């Protein structure tokens, strides 16, 4: 009766942790997609206060390592420099707006591209003049604080060129205004924003076409992603070291390996390939500024397959596969079906994030893709802990101390990982809530890196607990007896009749349990 109460308490505690983890997972699953090339495909302007604006992009940029006093030319290499380059940016106004203009007039509409560091955001608009206006109106123009018809900008006293303003004007009745190609060098590390803005109400309905290229001194990788390239390189070596140790152990005791060892080998191999492919994909992106679909597709697929197999591995281990039972019985099809559905949902999410439009996805699109993956993750979590609870209870009833000790260590490891996950999800929620403008972009890479390290740590724990050895019976299911037991629990001089009874009893119990499941 006491054992039953203890197990009921443990199950309640596990369900509470699972519920909390599921809630936090759904809340923080949406991730921002970073990119070094921002495409504009007929982007519209949004009215705000007395002006109109369109968000052209934002990115963390490191300071240039090389500074030239002369202007940068398009035919001169920009090695070691950080910059934002405008390429084929075109503003298209409506035919109605163009027809109202004087064909002989040189400037019939002004559009401004404004680049500023996030810490200088209060310098854009009339906040420093104690007004909510974004564009300069006649009253402010009379005081000499700004130029009529332009965005109000308070220049930095230490650097009069910042925030950076680039003007482009429509001529006569032209419907298009092409922005001159320009490269803006970045000489201070920070989070930079680009806005296209205009103040003339007659330009309402204007659209933007073209693109901007954002480059860091060491390559085209966005600032948030740059540390991840090094991280993936280190993790590739970590998986290689784990794979080498596991392979030597596998070869040394190849006669004693069980089916579970092949599953572990597959997960290690996939993890090694995943980290290596991501490293080379980031390295190629960093050097060329483009992401070949083939390489990215391989990287995404490796990640999805490895995530799926890792979850299936945790699930079958928790069920006691190869340890408490020789097969999964009737639930094999359900396990494979859950794995297949998870693979499809996760692959779709990863493909859209990495192969879709390089600009940020809409929140609705992300939510639509994230929710199925979060729900399936919760299914895995609930199933893993409920199966683990049953396996522990079964081993305790059989008084199999060796396997019970093994699964207790595994349970403790999972419990620690769950607590770490909950703590980290809480930190991630706090991080995103307190840093809406990505001012802490230089340390944002540790958030995805943590999950990779946690998955690797769990794999290492499984490799240690289920490592091939000379005594595989300490965790392997014995087909001869149907139930493994301690040598000290049964005398070596026990009669054949006792062994036979135990064999029949063990096989009967396992077959009956498999049928029920």
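Yeah, the Cβs are placed from backbone N, Cα and C, and that goes for glycine too.
Per TrEMBL, the listed range annotated as transmembrane segment is 369-389 (candidates: 369-389, 474-494, 495-515). Among the residue ranges 189-208, 209-228, 229-248, the one that TrEMBL annotates as transmembrane segment is 229-248. Looking at 300-321, 410-431, the range tied to transmembrane segment in TrEMBL is 410-431.
Within the chain, the transmembrane segment (229-248) has long-range Cβ neighbours (under 8 A, six or more residues past its boundaries) at 221, 264-265, 268-269, 271-272, 275-276, 278-279, 282-283, 286, 445, 449, 452-453, 456, 459-460, 463, 467.
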